């Protein structure tokens, strides 16, 4: 922990991203509220959500290739600057009262594309500026900030909308991106080896794709973390809404259930930050098993207090699994291929989440939510156990923190 606090490059990344992540959470609730208020149409809201996610799928292959070049700092700076400009454009649109859903969706498409570039660049940068022994702790700090912002950000966003205006929310998020841009100005990211002869985009993309397929451990992590878990955890909000409706918990009760997951995830990130993690893949397996067990318990014990406790356990498992899997990705992937691997995994996750949500919603209309949760829990726990085989030696051996 002390080494991280003395690491200037990590602190620059952390400072910029802390402000940016918090600004995003404040802005998201404001954006959804504005679209719904102005249009009164859930279809319009759904179209805007698509504009926030779909473009990144098409951009990610190129973004991953770019992130593996020695221009990570430039990518971080440009994407922050462009996203800041887009937020200021939303300020102008909302201040003048000229609400245009078309213009807002166009801005969201550009922001989605910038996010697709930013994510692999950041993920590829962290292992270059943090010592391997502290990588999981660095990831846990970012996880803590994301979870804390997810709890506090929407509440502050709602307050700002009621006291000031939606324009103030957009302006605040735009300012957060500009602040992050200035933090990135002072970054010094180590260079990674590059091919002696220039290769085309297609060649470099294919290299990253087949690299993932050839490495059994990497492929297994991608299938478990990028596909199975995203698919079966995606509809959790649908299940919680259905449970709250059936048991008459009301909106306040639903809010507590959601908060329990975030609080559990916060505790998980703090446990990793201040604990001693000797094996990253073991952490991931424990997290996945906890996730599955929590889903089963939520299905079997539907009382309010048990649900809060078990959903807290789910959040704890999500944090363990997320940090364990992401750190293992970073440790076992070569420096010059992390961007492409991250983008490939991101593409799978972006595609899998809406499919999982649709599948869960369909099952909810046909079956008891309790039995769906039990079935999903068994699948999630089993997927965690499948990591035993490719990582068998690592799970059977306790080594230093730098092992995975």
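From the backbone N, Cα and C atoms, a Cβ is placed for every residue, glycine too.
Bear in mind that TrEMBL entries carry predicted annotations, made automatically and left uncurated.
According to TrEMBL, the feature transmembrane segment maps to 12-36, 42-63, 151-171, 218-243, 255-274, 281-301, 307-332, 344-363, 369-391.
Counting Cβ pairs closer than 8 Å and at least 6 residues apart in sequence, the transmembrane segment (42-63) and the transmembrane segment (218-243) reach fewer than three and form no contact. In terms of C-beta pairs under 8 Å, the stretch of 151-171, 255-274, 307-332 lying closest in packing to the transmembrane segment (281-301) is 307-332. Counting same-chain residues at least six beyond the ends of the transmembrane segment (255-274), those with a Cβ under 8 angstroms from any Cβ of the stretch are 1, 136-137, 139-141, 143-144, 147-148, 150-151, 236-237, 240, 243-244, 249, 283, 287, 304, 307-309, 311-320, 323. Long-range contacts of the transmembrane segment (307-332) within the same chain, counting only residues at least 6 positions beyond its ends with a Cβ under 8 Å from a Cβ of the stretch, are 123, 126-127, 132, 135-136, 139-140, 143, 147, 215, 217-218, 221, 224-225, 229, 233, 236, 240, 243, 256-257, 260-269, 271-272, 280-295, 297-298, 301, 338, 341-342, 345, 384, 402, 404.
With a cut-off of 8 Å between Cβ atoms, the residues of this chain six or more beyond the transmembrane segment (151-171) that come close are 22, 24-30, 33-34, 87-88, 90-91, 94-95, 259, 262-263, 266.
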